[in-house]
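Reviewing the structure listed below.
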Amino acid sequence: MEFKLQELNLTNQDTGPYGITVSDKGKVWITQHKANMISCINLDGKITEYPLPTPDAKVMCLTISSDGEVWFTENAANKIGRITKKGIIKEYTLPNPDSAPYGITEGPNGDIWFTEMNGNRIGRITDDGKIREYELPNKGSYPSFITLGSDNALWFTENQNNAIGRITESGDITEFKIPTPASGPVGITKGNDDALWFVEIIGNKIGRITPLGEITEFKIPTPNARPHAITAGAGIDLWFTEWGANKIGRLTSNNIIEEYPIQIKSGEPHGICFDGETIWFAMECDKIGKLTLIKDNME
């Protein structure tokens with residue numbers, strides 16, 4: 001396959017694009033932790049900015065709920081944020097100080113689930129703002145990204161515990177150790193094969209875990225690529241950012257990893273998502289990248 005790589009400039013400089021997601025209407029939403037705001041890129045390319053009420057909130061990851069609202073984590077402000085469909089920003093302070101919320105996703109019943117890096121907890125927040133937290137079994141696990149699995153449980157990475165965690169709606173937690181020692185798992189996503197896929201930022205591998213907990217690992221060709229985030233693409237392809245190598249990686253259906261260099265030097269790619277046709281990724285260098293299929297060599 002051949003892909004066209006494009007890089008889009010943002011309105012302002014030194015804004016720190018980090019998390020990224022796409023709505024079902026094709027709008028691209030990004031967090032900008034240095035500028036303390038969230039931006040939305042419309043289909044016509046127009047950018048709408050949403051400055052956060054809390055200064056220096058360090059907004060990190062975001063997700064779009066099934067009812068079209070944008071939810072996000074304010075890592076330094078210790079809050080969960082929300083942009084309603086009318087564009088109103090609401091913030092919810094976590095019960096415990098310095099919890100450092102990070103990853104975020106929607107659960108099976110519409111609640112929003114998130115990780116607390118410093119708090120060593122998994123949290124959930126209801127539509128009316130009620131928060132409940134679940135302590136992890138091991139101290140200092142540093143839970144990072146979180147995603148909904150095909151089994152309707154929430155799956156998350158434990159960056160410092162070298163494990164993949166699973167939590168049910170009732171709060172039951174199971175942990176699965178990663179074979180590679182000190183692998184530093186970060187991003188995780190549900191694949192189109194119904195398994196969970198994750199990246200190992202230190203182990204330099206892509207991991208796959210089944211709902212039963214069976215783990216397989218795939219080595220990234222470029223040393224010290226420092227993979228950060230991962231998303232499911234077309235078919236059963238997986239796409240991921242290589243923060244250290246300045247590349248975008250693709251794990252194909254036959255378990256081959258292909259890599260696509262980013263044009264600009266030191267792009268620092270972080271978040272990544274797929275809208276059904278295009279791979280979008282956020283770069284700390286104040287650009288948004290997109291990869292579009294232009295030729296399928298199988299045809």
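Each Cβ is built from the backbone N, Cα and C atoms, and glycine gets one as well.
Taking Cβ-Cβ distances under 8 Å and a sequence separation of 6 or more, the neighbours of His228 (substrate binding site) in its chain are Val186, Gly187, Val199, Ile201, Phe240, Thr241, Glu242, Trp243, Pro269, His270, Gly271. In the three-state DSSP reading, His228 (substrate binding site) counts as strand. Marked as substrate binding site by Swiss-Prot: His228.
Shown in sequence order, Gly16, Pro17, Tyr18, Gly267, Glu268, His270 are the residues of the chain, 6+ apart in sequence, with a C-beta less than 8 angstroms from the C-beta of Glu284 (Mg(2+) binding site). Positions annotated as Mg(2+) binding site by Swiss-Prot: Glu268, Glu284.
In the three-state DSSP scheme, His270 (active site, proton acceptor) is classed as strand. Summarising the environment of His270 (active site, proton acceptor), the number of other Cβ atoms within 10 Å of its Cβ, over all protein chains shown, is 25. Taken from Swiss-Prot, the feature active site, proton acceptor applies to His270.
Its Cβ taken as reference, Glu268 (Mg(2+) binding site) is surrounded by 20 other Cβ atoms within 10 Å in the chains shown. The DSSP secondary structure for Glu284 (Mg(2+) binding site) is coil.
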